[in-house]
């Protein structure tokens, strides 16, 4: 019974094992079918992905091609504008050449007429010389005839053939028949005089001395030139609105905008047209596309219309390039010279103007701002900055504020820091920036001089001399700014960027032209002694007030 039971148990186990394997095989087949389905789906998805990537690649290629086409269209548009500009310039140049040709033709006609007059004058002179020779010959003939008349009378009385009874033969040359009478010679002389009656006086000179005072001179041309000079004098005294085209063009040449004379000669008919021109007219008709050139011309025209005699207008763009040397920013001379920035433009210089001139450093903005402030205080005196030390100078703040960049370097040499002085070239450091910028302190100067932070004794030496230089009043004001919670030190990496405008400002932006911006880098109506709403007493600065970077903070900065 035990053997039969065990065999039955074994059969049951085998049957269960067989069923289990069958089930596993069935599951395996199902799994393999699912894997096949998944593989098929994966292949399908990979195919779709490859198709999608192919389509994306084609789309990117089309976008790239579209960008290239857009760039080509822009280049063609620029070329078309350049061709139109060149065509306009060529037409203007042709018109100018035609005008010059007409002037040359008129000059040739004038020279030809003058040459003909000269030739006629030379003929008259030759005729006068001939008449003079005839006069001299006839005078000598008359004198000889008179003498012969007296001698011949004596000889005829003594040697008359009738008295001697001899044949006289051929008549003697001294006979009365062969002698011409004075009246006959005078008659010939009178005929000669009548032929030249237009060139001799009307009174009967007889055989008197011949004088050339009656000849006509070149009075006509002299009278015409005197009238022209009188007209020029009246044109010189005329107001700008009545200036002629030529005088307006000459004014543009002297003003530093001579490159636009060709178009001005074609468009400007008088000074009044230029006075009433808008910036858009200047750009369209005169080709003034440079915004600062337009601003320069607009400011000059506004000054003429307002009849203002601004002292800043006496400083031309050449002086401004030298001024940039004085304030330690010679790296911007080319941009300022190309823009023809003069003293009047410095007075009305804006933040956007400086950004257009590629002046992006906040420290350099402050340097230019403080320097313009000193010009304002000194009435735009071209010699207000001190370039050399004065022996009797005691270095008071009112004098330090007028120090140039070179003078600051001289001071560094005097305090035994000569080896670091050359580092101030191109830094924009001058006396006004040192005194009038509250955040400019000894640490700022040490940073600009590249004095390493580990040289604590050298930095302490610099700070001590710096505080002595600026005086206790400015030192106290700088200390208060440094200890305030809103203090941020000056750095060489801080940049000025244009103000970000919201949607509400776009309407005003469209109305305001670039040339009429009033966001001045140094406002002309600043309240003396005011800084961030607090009043500071700078009596030792002779009326000079500190200027801060409040306006620059409003336009923003990035490190």
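Just so it is clear, glycine is given a Cβ too, placed from its N, Cα and C backbone atoms.
Among the features that TrEMBL reports, coiled coil is placed at 35-114.
If you look up TrEMBL, you'll see 147-184 (among others) marked as region 'Disordered'.
Per TrEMBL, compositional bias 'Polar residues' is recorded for 161-175 (among others).
Residues annotated as domain 'SAM' in TrEMBL: 243-307 (among others).
Per TrEMBL, domain 'SAM' is recorded for 320-378 (among others). Note: the domain 'SAM' (320-378) comprises 43 helix, 2 strand, 14 coil (DSSP; helix = H, G, I, strand = E, B).
Summarising model confidence by region, the domain 'SAM' (403-434) averages a pLDDT of 94. Annotation source TrEMBL lists domain 'SAM' at 403-434 (among others).
Annotated region 'Disordered' per TrEMBL: 526-559 (among others), in sequence order.
According to TrEMBL, the feature compositional bias 'Polar residues' maps to 528-538 (among others).
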Summary of DSSP states over the domain 'SAM' (403-434), given as helix, strand and coil counts: 21 helix, 1 strand, 10 coil
